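Marked as domain 'Lipase maturation factor 1/2 N-terminal' by TrEMBL: 154-309. Feature annotation from TrEMBL assigns domain 'Lipase maturation factor 1/2 C-terminal' to 400-550. Residues or ranges marked as transmembrane segment in TrEMBL: 42-66, 111-128, 135-154, 160-177, 189-211, 241-262, 267-285.
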Amino acid sequence: MKPIINNNKTNNNNQDENYVKDLVNKNNKLKKFKEKKRKNSYYLSTWIFLKILTTVTFIAFFSSFIQVKGLIGDDGILPVSKVLREKVEQNEINKIWMFFTQDLGISVNNMLHLLCCLGLTFSALSLFTTSHATFLGFMWFCYYCIVDVGQQFYSYQWDQLLLETLFLAIFLSPFNFKYDSRPSTPIRYLYKWLLFRLMFGSGLVKLTPIWSSLQAMYYHYETQCIPNIISWYAHQLPPSIYHQFEAMMVLVMEILVPFCYFATPRFLNISASILTILYQCAIILTGNYNFFNYLTIGLCVLLFDDQFYLVDLQAYLPRFIKQKFLDMETVKNKHSEEQQTESSTSQGLSSINSKNLLVPFVFILIGTSSLYNCSKYFQKQQVPSIITRVHSTLSLYHLTGTYGLFSHVTTERYEIIIEGSMDGENWKEYEFYYKPGNIYNPPPFIFPGHNPRLDWQMWFAALSKDSRTQSWLIHFMAKLLQGSAEVQSLIYHSPFDLESPPLYIRAQKYRYQFSKWTPNPQSISNQNVYQNDKTSQKEPFQWWEREYIGIFVRPFTLQSQSYLNFLKDQ
């Protein structure tokens, strides 16, 4: 007897299998579509970049707030009022400063602190709310007003980098309080070009004998501006193994890797960004370099697409961060649908975003001006006059700059020690917060992003062979003779009271070297360790060795003929 076959059951099973296959295919297609969409979206990277930028700007304004009065205030080392007077004589009047200080009668100190407070306020609003274009515009304007009159103390490349980054962020950030679903592609490419100029320019200027022979890193840790404790330990590593390999990797990271920023394969793009971030983290650990490393990391973040955050980093991100990104993607998709609906219903010029009208002009102007900066690396290259005019106009507002960090590595470290005296015979040293002075003080760690500008300028002054090229140093020493409270707030310890400043002052030059590694150091503290038994007091560990070179600035008083002649020449 033949078995009875249930055709209905077989058909149902086939239908179920086909349904499952169709569902799987549909899900696979949806997944591929979502992956492709995420790979072309830079919504999350833009959000993260803007938060990093506003954090860096907040720290930069706070750093300026605590020291700007002593640097360029009314009673500072290089007062702003002197700059304004010189600009009046040259018919180059800074109308903004002249309006507030002369027409409205606001003092320079109050104006400086007002700019810093406004910058801090808009930075905080941008950090904790939406990074609105208006907030970023005010942040750029306030920092520009300080840099424009900052003279030597605000002439660093990272100040230029921050201004250029802030200006471009105005057109990358939303003009409303909702993030755009698609950040401006031309502005993103300008940022990528800025990152390339920063890294590749820093690599080109390193094509010198000391770098090509792979000897630079042997001296770098010891001779950099403000080393930290890790610098001391890194300096002790074997030069033939570690330091030569490290110098080779620096050249690779700054000359070869930047070309991968523009690579078409996605993995090259992301790999180059990750390598650059790791490189910047290594610099942060082995030195004190204010905010430019963090700003560079922020620029690298823009190379990551949404797929990288939502899928590639899925196993490494905490759950709450991943959920935050997923929620942001949902909101972005909702905004994108609303924008498509509005664009389909609106007609004519009313559907055009005003920001999109400005982006092409910004792209052309910034891109053209940056070509002039690149020509400086090739001195024989002639630049068309129109590019020169565009660059000269934009350079007034610090919108484009030439970058090439740490091109020179000195083989010896020199330090200038300021000393005061009441009688011209017994001298006492001034101690700074961060720069090497006391040989028993360990190399410090500076708060991330903080830029002690006086300590940096002292390092630059020590590289000079003639004190006459460092006129600001004479002004600084004169302010110490006058007992300026604002200037003395910039240094760690003064051996004299404000009410009784020294009568004489001078500057001595020393050669500094890291002390050698000892297997059993007596102490790693910069202070004496006191125990219950005073006789068993331990000696402090010596981090530096120094050798006297000679006098850098001869002793003078406020009534000395040499100082009066200096003021006359100034």
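Heads up, the Cβ atoms here are built off N, Cα and C, so glycines get one too.
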Q | Sequence-remote partners of the transmembrane segment (42-66) [C-beta within less than 8 Å, at least six residues beyond its ends] | A | 112-113, 116-117, 119-120, 123-124, 126-127, 131, 135-136, 139, 142-143, 146, 162, 165-166, 169, 172-173, 179, 181-183, 188, 290-291, 294-295, 297-299, 301-306, 308-310, 325, 328-329, 332, 448-451
Q | Stretch among 111-128, 160-177, 189-211, 241-262 sharing the most Cβ pairs under 8 Å with the transmembrane segment (135-154) | A | 111-128
Q) Short question: which residues 6 or more past the ends of the transmembrane segment (189-211) have a Cβ under 8 Å from it? A) 161, 164-165, 168, 172, 219, 247, 250-251, 253-255, 257-259, 261-262, 276, 296, 299-300, 302-303, 362-363, 366-367, 370, 373-374, 377, 402-409, 411
Q: Quickly jot the same-chain residues contacting the transmembrane segment (241-262) by Cβ under 8 Å, restricted to those at least six beyond its ends, or write none.
A: 192, 195-196, 199-200, 202-204, 206, 211, 214-218, 268-269, 271-273, 275-276, 279, 303
